[in-house]
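Annotated features in Swiss-Prot:
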- 6-188: domain 'tr-type G' (DOMAIN)
- 18, 19, 20, 21, 22, 23, 135, 136, 137, 138: GTP binding site (BINDING)
């Protein structure tokens, strides 16, 4: 190990959403003098506006700073920031791959939450050193002793190693850096071996092309080197290497154990896949960095421009967004109701909301999303097996042998008094209870197996409202199970509207159909003719409502008494309405499509 290597510390901060991770990162960077009063702003590592506004971290980010420790040595600190929301677990797992240790933040006023546990397990899988940090000790509700007990009992960590801080006021934050130098090991690796570096993130810059963030495990890399991407076999020449001190700072070379970036004239992020291994073209390493998993989309939905003329702009925008979002999957699709658009695969509902918001914001588009769906398995009587995520591809019921849907193992951590509410919510969502564990006297961990389709449909919102926001949720896929699935069509004026179709469990079809139709009745404006609204499965109508006709006063121009004249005009109007009804196209406003997403 080189002298320089023993003074490098690569660490990540993991926490449940809202436990103060980005605030602690800000304080560490202030101590490392990366930010000064001129560059200082809150959540410095959250580079997107949307991250600051929502108070969440979406993209994994990083910063390098120097720290003069009490032992008289100057350490190079590489902080890799990670997201806390369950949708972005893949961003967490790849940042952890580049670290030797993590700071695990626990909010001293809230205690251990579901995401704390999930991220802890990710860190344990990678065999990282874990340093517990109790944050928000300045709050009146903070209970440090109780939090220490939870750290020992729920997390299985040594409470004596825990550091109590307030990231907001800066209290005791320096002690965190001292403990990093003492508890988190320096990076291993051989600086004389062939180059082996992990791509843990990459993003597209319009001026420089793709900027690749890497962690060097063996060897070194410098400007002018010809590099090879091991998964694609493509090679490039390095134009610049450096480290990120909030801004990209070029340097001569990157050595073993360092975290930094390279720019090599790469045009597409798909040529620098996250999790890929970079090596030298002339002297490649024998094996790539192990253990990386590709992010798999869990939720699928149609995405259409409200104005059909914006389709080309949407194509351009979604291609550009894909450059910075490795988990986004999409293919073109067309809908009779909405025209041309895309079928998009997302990591979860928050990811879906954020992608739509970024497309609308950054590319000035007006978009509409259809009801989200998951990937179902359909087994046909002729032996074929098909995976579908789009209701339009659901086969005729007569040809189906069996259907299966994905389940997830969901962990809910809640205060004691809300257990009853959560149990009834889980039952309503077809959940199967697996386990109940009392973490403390007043905190319970409930584990359920729940269909993913039920989880993505308002489960999180209802969980928060049933528990006044105190419960937390984490989930992981647990495989497919046989399920009675049907395709439900919504008919407006006798015509099925493809964008409103959905795949539902047979037991839920009537309830969902009725909810949607009642919503549509309020949202579709009255026309000059009556509009029947129906929810149907196969040929069977499950629910029906009607929007009454708008009556135009055709007799207004008749002054005085001639009753036969009035009758004649009313008959004429009736005829006209009949004709209008046959060719009558009902205008469905955009809110109607959005309402289907939120029928509670």
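Even glycines carry a Cβ here, placed using N, Cα and C.
Here the features listed in Swiss-Prot are painted onto the structure.
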{"residue": "18", "record": "GTP binding site", "Cβ neighbours (10 Å)": "16"}
{"residue": "20", "record": "GTP binding site", "Cβ neighbours (10 Å)": "23"}
{"residue": "22", "record": "GTP binding site", "Cβ neighbours (10 Å)": "24"}
{"residue": "135", "record": "GTP binding site", "Cβ neighbours (10 Å)": "29"}
{"residue": "137", "record": "GTP binding site", "Cβ neighbours (10 Å)": "20"}
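In this structure, residue 22 (GTP binding site) is part of a helix by DSSP. According to DSSP, residue 135 (GTP binding site) sits within a strand segment. In the predicted model, the domain 'tr-type G' (6-188) shows an average pLDDT of 80.
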